[in-house]
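*Asks:* Taken from TrEMBL, the feature region 'Disordered' applies to 1-39, 84-103. Feature annotation from TrEMBL assigns compositional bias 'Polar residues' to 11-25. The domain 'P-type ATPase N-terminal' feature in TrEMBL is assigned to 99-152. Annotation comment: TrEMBL describes 132-149, 364-386, 427-449, 1139-1159, 1171-1191, 1221-1243, 1255-1273, 1285-1308, 1328-1353 as transmembrane segment. Annotation source TrEMBL lists Mg(2+) binding site at 492, 494, 1081, 1085. Feature annotation from TrEMBL assigns ATP binding site to 492, 493, 494, 773, 816, 841, 881, 961, 962, 963, 1055, 1061, 1084, 1085. Among the features that TrEMBL reports, active site, 4-aspartylphosphate intermediate is placed at 492. TrEMBL lists 1107-1355 with the feature domain 'P-type ATPase C-terminal'.
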């Protein structure tokens, strides 16, 4: 930015700051008041009349527009209202609480679900939507009526569950609150009309009608109307990736009414106080691609022409987008807060149900059926038992009283002998007593386990990407176990498997193939040397600005394109002989690469001279006028001290050179091209051996000595001066330039005396809408055709070899669209013949058909087309992205004829889009092919290894891409989606009949292969052209198509649209009946991600839309192996085992109570103290299962990654089958029988009381449950061990304390004869401890024996791997852990393998 332009920007930003423009000691004249601006709020003691009026108006407006009101009063249709925005720029502004736009929503956002007042009622209301919670509340109410337990005791379980869930919901909502606070307290610069300047203000205080000032890379705080831009044409660019996921920059234009402030000839000074219009716009909508509005002149304001009143979506900057390629923009707020399109489109994480959860719900229904069956059996047998007594009134343990008895005169039904009534009463009593059959604690435990699993996944260092400081993010807490059951992975290619950082690698020009190796990327270090030298060697303000510019250029982080010396020599020869002659195909090729795009050029990084506080500061970079203007040799600040010396060297020497005759290439040891030298024989130099000990700028006269050297310090005899082919940033490090004296000085003198030579900027900073365009422009610059400047109607190209700048007038830009898949620019030469030229680039399928017949039929044209098609196929096989470049020359008459029709199409009000499209197609006809470019989009690190691991795990990987078949197939091989031994099947026919025949042929081929080998299914890969998708999904073909998909190991779908990606996901879910994971990084992957069972979004180059729509978000594709094979495996294993354990534990308690009913007449009496019964699941047996679900591992992470086949147990659902529930029920029945009857026979024949009997029962249950869980544990940790030990210890301590203070008057539990001193009596009895030990042994013996036999005879893959019996894998666990698990799981085998003093290496052959 020049001083003049900088000054104009400053004057436009504030009216009183010119005096402090470049003051380095003071930031501005408003420094005293430049802190955070807090607008005045409404006075506390103000009159409430206005508030009531506003509320009434808003309420009436909402009520009138409500759908119910419109349905009740159809005769009064509500017309769509417009929003009228009045600017907040009055000279004497009213308080902000009295602003004219205060009726509109403020900019404060809130995504929380609750407030302090609404949390309890709203959270309870949400929790009551769960059937399980309603069931247990019904049990509490029923117990209040019947009185089976203490009224307060029965409330404890449901109160605990509701309380814990409420705490979890409160914590999650608090996290949302903190995120909202962070956003609301962000700051930006807002116009303060009272001080006539911009001031820093928090986002939450912004109102509709405020004027906002935003800088480059600043996030837009609200939906604003663009009024002004630092660009002279009023243009700015925004990155909308946070809104729609697209990384391509969108161009936005200031409104036409503000064009007088963007006049490049006579720009007017601008201040927001001069904006005297109001905006009428539509009400807030969710459509981000639509906006309608108009400007209206305010009373007393200037009139406005009709064409200046129209507002479109191109004039609006949306909240959440980022300002790009612009120093600053200014606009007025139209929508704020929840009315912005970003907030209206913001939907929270979606709820998905995993298959494990669905199976759990089915088993809960079976538990309900079991509960009802036990209640019915108990109720019926209760009536049968009572009917066995002929004289029930004389039975001493029955409480029935004869109706005519004088003992009880009232006719209370509970004392009447009625077996039917007793059965009905017993049924509801059993519902209360056996309620624990439904595991209420299971829901809470699963939620906590999943929260901990998500936390452990986010903390995994193997899924942390340090370059962007991003960890795994989980947006769906309820499907963590689904990661362990994935059968199909659907992946995008560009940006997901690849880096999406395009680098130019090869090209075909005029039918000849050119390609070079990547140049050694040492530019950044050289630039850092430049900056360091400028700062250390007598730094001045200008030198510091130059150093900052060099550092900014060094931090671009771009990969360098490849360069071919032969092609560069041809280009240099053409430029030196013919100049900028478009008739030369080589020059035309590079000119098309350079200007047929929408790349924005900047001479320095974007910089806003207004700081965040609204004060004006000095520029950090060199000003354009001073940098660009060449100075004489005697100047104190010579241009050589400001320029990158190599570029000056190349430009000055090439101006005196003629056609280069030889290209010399030096190669570094690592194979990268480090130095490329072009020889120019007409330039004579003397030999001087340089010195490399110092870094010197060539600015002093006393250093003028004759000499030259090349980059390596080698002497050149009889040859021209060597040119180091570096990018235009810097070619030669300053440390190796000492000794270049006279030739360089002479070239500078020639330059200074030449009137037609303009010194280019130090470095051109490019901003592009597309990474492909940026790669082509950088490649053209590398070869010497540098895009120097782009304005609205012209473009300047700098030719390095001739040191001349060439200007072209841009007549039209025909942008790229998805239908044409081409882009064109129409330019006019400003010198010479002044011809009109059409330059076009696009895909080969769209360029080749529009080539002219004359060119195609000529000898040269036929050869160029044939060779180019060969090169296209070759590049595609190498996995490169290809584009074709073409051109044509128009006569003046042809152009004027086309222009007249094109303008008529643009002005058409009826069918404008169709007519414009037809006009563009007419312009892009009869072209001549210039060549083909090949751009590399490299695979991400670890992608081939990750895909190979997924395929080894049995997961079918499908890649869905929009690339052509050749490119996609090559990427598939390099990413190991396809293996060299795989037989590829191709579906590319057209028509239902053709596709049907092709499907039948492929199925026969697979069937023949399966007859030979059962593993033949793994040897086939399918290449599917998305154009045939509709034929494959035809009802006549879909069955065979699904069968073919099932028979192929990998699938590659090319030219796929977002809709077709979603169709393939649904096909795999509904027809192949598999669990699908979809992974992508762009907006075109959203439909696929949302339709899959698990959606994973990559936070890559294409924005955040995929992340916002996903269930899990991560930074790199390679993390998918750890996510699935490790954490997915663990999550599924842990939750499956935990759920089965909860069913077993609760069922065992219920069956023990039911066996007791046999010996007490099925009276629904419970021998266990109600306190123990209620806290049994909540305290004594809750922590160990929780830790088991969070920490247990059946295999280590290293083992799971080394042996992907271990993933099969989750993929095939082996841990939780439909019969797993019933096996656990049988085990629970056996153990309950052992527990009850050991207790029964222990006290048989004694006069022990009921509470002592029940105390032994509950102690047995807790001990047996704990040891039962210990059999499940595969990975012993100290938390796991201490949780079990302390749970048992806690029970004994609580029993002693509880029975110690319970007295005969204890009424809280509503039981007769309270259990006083029962625990102390039981613990002092030997028979108690003997019964306890015997019951544990007998309960666990069947499970242990069966498990040991199965693991010995037919061990699982996981167990074999852990024992070291597969592939000689070394175990990573400690000897104690591995030996303990091995001995418990397979004692016979472990005795041979694990428990020997010297463990031998065991191979697969030893197991046979």
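The backbone N, Cα and C atoms fix where each Cβ goes, glycine too.
Where the annotation comes from TrEMBL, it is an automatic prediction and has not been curated.
Distances, neighbours, how buried they are, the whole picture for these features please.
*Replies:* Residue counts for the region 'Disordered' (84-103) under DSSP, split into helix (H, G, I), strand (E, B) and coil, are 3 helix, 2 strand, 15 coil.
Tertiary proximity for the transmembrane segment (132-149) is limited to same-chain residues at least six positions away from its ends with a CB under 8 Å from its CB atoms, namely 155, 157-158, 161-162, 364, 425, 428-429, 431-433, 435, 438, 440, 443, 1164, 1166, 1170, 1173-1174, 1309-1310.
Long-range Cβ neighbours of residue 1055 (ATP binding site) (same chain, at least 6 residues apart, Cβ-Cβ under 8 Å): 962, 963, 964, 965, 1025, 1026, 1027.
Residue 492 (Mg(2+) binding site): 29 other CB atoms within 10 A of its CB, across all protein chains.
Here the domain 'P-type ATPase C-terminal' (1107-1355) returns a mean pLDDT of 88 for the predicted model.
Below 8 angstroms of C-beta separation, residues 356, 360, 363, 367, 370-371, 374, 378, 381, 433-434, 436-439, 441-442, 445-446, 1165-1168, 1176-1177, 1181, 1185, 1188, 1216, 1220-1221, 1224-1225, 1227-1229, 1231-1233, 1235-1237, 1240, 1257, 1261, 1264-1265, 1268-1269, 1272 of the same chain, each at least six residues beyond the ends of the transmembrane segment (1139-1159), sit close to that stretch.
Sequence-distant contacts of the transmembrane segment (1221-1243) (same chain, six or more residues past either end, CB-CB distance under 8 Å): 363, 366, 370, 1140, 1143-1145, 1147-1149, 1151-1152, 1155-1156, 1159, 1252-1253, 1256-1257, 1260-1261, 1264, 1268, 1327-1328, 1330-1331, 1334-1335, 1338-1340, 1342-1343.
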*Asks:* Could you tell me which of these binding-site residues, 494, 881, 1085, has the greatest number of Cβ atoms within 10 Å of its own Cβ?
*Replies:* 1085
*Asks:* Grab the same-chain neighbours of the transmembrane segment (364-386) for me: Cβ-Cβ under 8 Å, and only residues 6 or more beyond its ends, written as numbers and ranges.
*Replies:* 132, 392, 417, 419-420, 422-424, 426-427, 430-431, 434-435, 437-439, 1143, 1146-1147, 1150, 1154, 1157, 1161-1164, 1221, 1225
*Asks:* May I ask for the distance between residue 1085 (Mg(2+) binding site) and residue 881 (ATP binding site), taken between their Cα atoms and rounded to an integer number of Å?
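*Replies:* Per the Cα atoms, residue 1085 (Mg(2+) binding site) and residue 881 (ATP binding site) stand 20 Å apart.
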*Asks:* Residues of the same chain, at least six outside the transmembrane segment (427-449), with any C-beta under 8 angstroms of its C-beta?
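*Replies:* Non-local partners: 130, 132, 135-136, 139, 142-143, 146, 148-149, 154, 157-158, 160-161, 164-165, 168, 360, 364, 367-368, 370-371, 374-376, 378-379, 477, 1134-1135, 1138-1139, 1142-1143, 1145-1147, 1149-1150, 1153-1154, 1164, 1166, 1173, 1176-1178, 1182, 1185-1186, 1189-1190.
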*Asks:* Given residue 1081 (Mg(2+) binding site) and residue 816 (ATP binding site), what distance in Å do their CA atoms have, once rounded to a whole number?
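*Replies:* That separation, Cα to Cα, works out to 22 Å.
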*Asks:* Could you check the binding-site residues 816, 962, 1081 and say which one's CB has the most other CB atoms within 10 Å?
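*Replies:* The residue with the densest Cβ neighbourhood is 1081.
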*Asks:* Express the distance between the Cα positions of residue 494 (Mg(2+) binding site) and residue 881 (ATP binding site) as a whole number of Å.
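*Replies:* Distance between the two Cα atoms comes out at 11 Å.
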*Asks:* At the level of the C-alpha atoms, what whole-angstrom distance separates residue 816 (ATP binding site) and residue 492 (Mg(2+) binding site)?
*Replies:* 22
